[in-house]
Structures are given as C-alpha cells and as structure tokens.
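Report on the following structure.
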C-alpha cells in the first residue's frame with residue numbers, strides 16, 4: 001500500500017515535470033525564465049527520497065535512448081528561427097537563372113543589337129550643331145545675374161523688394177527660356193533636350209536656395225547690427241599640415257565667383273556659406289567611382305538597346321488595337337528590364353556619380369540617399385530615396401509654408417504639385433507633346449498615400465512596397481514608350497485615357513481622405529516630409 005502511494009506520487013511528479021518542461025520551452029521562446037527556475041526546484045525535490053533517487057537513475061537510462069523532445073518546426077512563427085540566408089541565396093540563384101534564360105532567348109530571337117555608334121544620334125542630329133551644349137553654356141548668364149543681384153542687395157544699392165522682383169524674373173527666365181529654345185529648335189533631340197532641361201531645373205533649385213540663404217543672412221545681420229560689428233573678408237584657402245584648410249566665411253564675404261561656382265558644381269541643392277569639407281582627395285576612391293560610372297553607363301545603354309527597344313517595338317500593335325490582355329502582357333514583360341535599369345541608374349547617379357563629384361570637390365556631406373528599399377509607407381520612400389531634393393523641399397518650400405500659417409495637408413499638396421510640374425516639364429517639353437501623364441502620375445501619389453492610410457497595416461505594407469516596382473516603370477517605361485509613339489506619330493492611344501476621368505477619380509479619393517481626416521484618425525496628419 002505504501003509502495004503504491006509512492007508510485008502514485010512519483011507518477012504525479014513526473015507529469016508535473018513534463019508539464020513544467022513544456023511550459024519552460026514556451027517561456028524560453030517568449031524570453032521569460034520563471035518556469036525554468038520552477039523546473040530546477042522540482043528536480044531538487046525529486047532527489048529528496050531514496051525511491052526518487054532510484055527512479056531518476058531509471059529515467060536517465062530511458063533518456064539515453066530517446067530521440068524526441070518538445071520543439072517547434074523551424075518555419076513556425078513560434079520557433080524563433082530567423083536565419084533564412086540560404087533561402088535568400090536560393091532566390092538569388094533562381095533570379096539569375098530566370099534572367100539568364102531571358103537573355104539567351106533575346107539573343108536567339110534578335111541577335112546582338114548593341115550599337116555604341118547609334119547612341120551618338122540620340123544626342124546629335126547634325127554633328128556640327130550642338131544646341132543642348134550651347135544652351136547649357138548660356139546658363140552662366142543666369143548664374144552671374146543672381147550673383148550681382150545679391151551683391152547689390154548686400155551694399156544696399158537696391159531695396160529688398162526690387163531684389164526680390166529681379167530674382168523672380170531671373171528664375172522665371174531660367175525655366176521658360178530653355179523650354180522655348182527646346183520647342184523651337186528643330187535640331188534639338190529629345191535626349192539632348194532632357195539633359196539641358198535637367199541642368200536648368202537643378203540650377204533653378206540651386207539659385208532659389210542661394211537667394212533664400214543670403215536673404216536670411218541679411219535679416220540676421222540687420223538684427224545684430226546694433227550690438228555686434230563684424231569684419232567680412234573673401235574666402236581664402238591655405239595649406240595646413242599638407243592638406244587644404246578653409247577659413248570660416250561670413251556674409252557678405254561669400255558673394256564671390258569662386259563661392260557661387262563651387263555651390264553650382266557640388267552635389268547638393270541647399271546653399272550654405274560654409275560647406276563641410278573632406279580633408280583630401282582620395283585618388284583610389286575617385287578612380288573606382290569613375291570606372292563604375294563608365295561601366296554602368298555602357299551597361300544601361302546595352303540593356304536598353306538589346307532588351308527594351310525590341311519589346312517596345314513589338315508593343316505598338318497591341319496599343320493600337322487596344323488589346324487589353326496583350327497590353328498587360330507587354331507591360332509585365334517590360335517591368336523586369338525597367339526595374340533592373342532603374343536600380344542600375346540609381347546606383348550610377350546617386351552613388352557613383354555624386355560621390356565622384358563630391359570627392360573631386362572635397363564636399364563632405366555624402367548622404368545622397370537613405371534606406372528607401374526598407375520603406376513600408378509612401379512618405380518614407382519619397383523622403384529617403386532622393387535626399388538632396390528632400391532637403392530642398394523641406395528647407396525652402398515645406399517649412400516656410402508652415403511658418404506662414406499654411407496647414408500641413410495644403411503644404412504637402414503644394415510640394416507634390418511642384419514635383420509633378422517638374423516631372424511634366426522634363427517629359428513633355430523635350431518630347432514636344434503635352435499629355436499630363438507624368439503630372440497625374442505624381443499627383444496620384446497623394447491620393448494613394450491617403451488611400452493606404454484607410455486600410456489595415458498589412459495592406460499598407462504590400463501596397464507601399466509595390467511602389468518600388470511601379471515607380472521605375474512609370475519613370476522609365478513611360479518616357480521611352482512616349483518617345484516611340486511620338487516618333488511613329490501614333491498618339492491616338494492616349495485618347496483612350498481622358499484626363500477628366502483621371503481628375504474625377506483623384507478628386508473622389510481626396511474627398512474620402514479628407515473625410516477620414518475630419519474624423520480625427522491618428523496618422524492622417526503626419527506630413528510627407530517628416
């Protein structure tokens with residue numbers, strides 16, 4: 001009878017231990033250690049009696065032959081396993097194999113289409129006429145106009161209102177004179193027009209920042225004029241310990257030709273009197289960036305000629321017949337090279353080219369992009385993939401509007417309106433056709449952002465990541481397809497997409513977003529640029 005009671009208590013303790021082990025495994029996965037301490041106490045209690053000692057020896061003998069334990073599968077969320085590097089490598093191998101098949105299929109079907117000589121015709125129609133280059137050289141007139149207006153303002157020769165009026169005329173001419181030239185000169189190619197207008201757009205943003213910063217310096221100087229007198233001198237460069245040292249520049253000592261042209265060439269849109277400088281030029285770093293620029297440029301040109309041009313040429317008939325299934329098939333076929341070329345362009349421009357220029361100019365701030373590839377929302381993507389433009393919008397457009405009392409939604413809408421204008425400016429003017437595709441594509445980002453905020457977090461994650469796929473297609477497939485349509489004079493395809501319907505859908509989405517914002521939901525008032 002006593003043996004039976006001992007045996008029953010031993011069974012009870014054994015069940016308790018098994019339950020404790022299961023709870024301990026669960027607590028270990030959650031990061032808690034209370035159950036583990038309970039197991040230790042129970043094991044100590046098991047060794048108190050001789051019968052338990054004898055039973056523990058028999059359990060140890062049984063455990064020597066056991067091959068199972070309480071555990072979860074690795075792919076289960078409760079397992080805590082997170083090392084999926086091998087699966088990522090497997091995906092990379094599959095991606096390489098699938099793209100290798102596409103490359104082989106393309107070579108078998110079309111042969112080698114890469115022709116470096118043909119690229120010259122994209123920039124020049126007449127080898128003795130260089131309208132795009134001449135237009136870029138003329139931009140020095142607007143740079144000198146901005147410098148001498150600021151010099152007159154610094155000495156008080158002209159009033160602040162007159163200086164603002166002259167700056168507005170200079171900036172307006174900076175946009176409309178090159179646009180009129182591109183539209184009127186027949187020898188201007190679309191690629192040359194895009195390059196020239198891109199230079200003038202960057203110059204517009206730089207000179208706007210140049211005017212704002214100098215105005216802030218004048219206001220600060222007038223505020224301190226009664227209590228502080230300071231000496232001003234032009235910037236000078238001296239040698240210190242074998243490296244170039246730069247003296248601190250004060251206003252109006254920055255109003256020199258050297259200073260403004262340094263700002264024009266450095267890879268930033270926001271002007272400062274004293275930029276951060278790197279101590280020296282690293283020649284090996286400079287050579288690596290140069291080789292990357294040359295190689296990636298040839299790679300992009302080869303991919304466009306070999307991969308995209310034949311696909312676009314084969315897409316003309318489905319667009320003419322408005323065969324929806326064939327159109328979707330062609331767009332999906334273009335999505336792979338578009339995305340690939342967009343990624344190469346991003347690395348070529350924002351990393352190789354900008355770092356090359358920054359190293360050559362000893363410009364210290366190299367934050368040209370952030371981790372946009374980890375974006376889960378549209379605002380995060382737009383505020384991290386192009387840092388120079390983001391800083392300019394935040395410093396010279398968004399925050400000044402908030403200071404003047406404009407609400408955040410209106411300021412955000414104004415920022416995207418300006419971005420949409422410049423996208424349309426760089427697409428429609430060089431191609432000499434005005435369809436508002438680029439403008440509506442950018443403005444749709446506002447409604448897309450507020451539409452995403454109306455759904456659950458999981459849907460928000462998926463749609464925001466789809467932006468990374470759709471944006472390169474819109475930016476690269478659109479202009480190339482438009483160029484081909486323009487060359488073939490088959491623009492009737494665009495008539496199937498009326499602008500009034502797009503505007504109606506956009507207005508409905510905006511009204512829905514404003515209605516939800518009026519209900520006081522959290523997150524609806526977060527600005528795009530913060």
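Note that the numbers count up from 1, one per residue, in the order the chain is shown.
In case you wondered, yes, glycine gets a Cβ from its N, Cα and C as well.
What TrEMBL annotates here:
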type	residues	note
ACT_SITE	423	active site
COMPBIAS	19-29	compositional bias 'Low complexity'
COMPBIAS	40-60	compositional bias 'Basic and acidic residues'
REGION	1-60	region 'Disordered'
TRANSMEM	87-108	transmembrane segment
TRANSMEM	128-149	transmembrane segment
TRANSMEM	161-185	transmembrane segment
TRANSMEM	191-208	transmembrane segment
TRANSMEM	290-309	transmembrane segment
TRANSMEM	331-350	transmembrane segment
TRANSMEM	409-428	transmembrane segment
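Taking every listed stretch (128-149, 161-185, 191-208, 331-350, 409-428) in turn, the largest tally of C-beta pairs under 8 A with the transmembrane segment (290-309) is reached by 331-350.
Under 8 Å, Cβ to Cβ, and six or more positions away along its own chain, the residue listed as 'active site' finds 438, 439, 441, 442.
Counting C-beta pairs under 8 angstroms (sequence separation of 6 or more), the transmembrane segment (409-428) reaches the transmembrane segment (191-208) with 3 or more such pairs.
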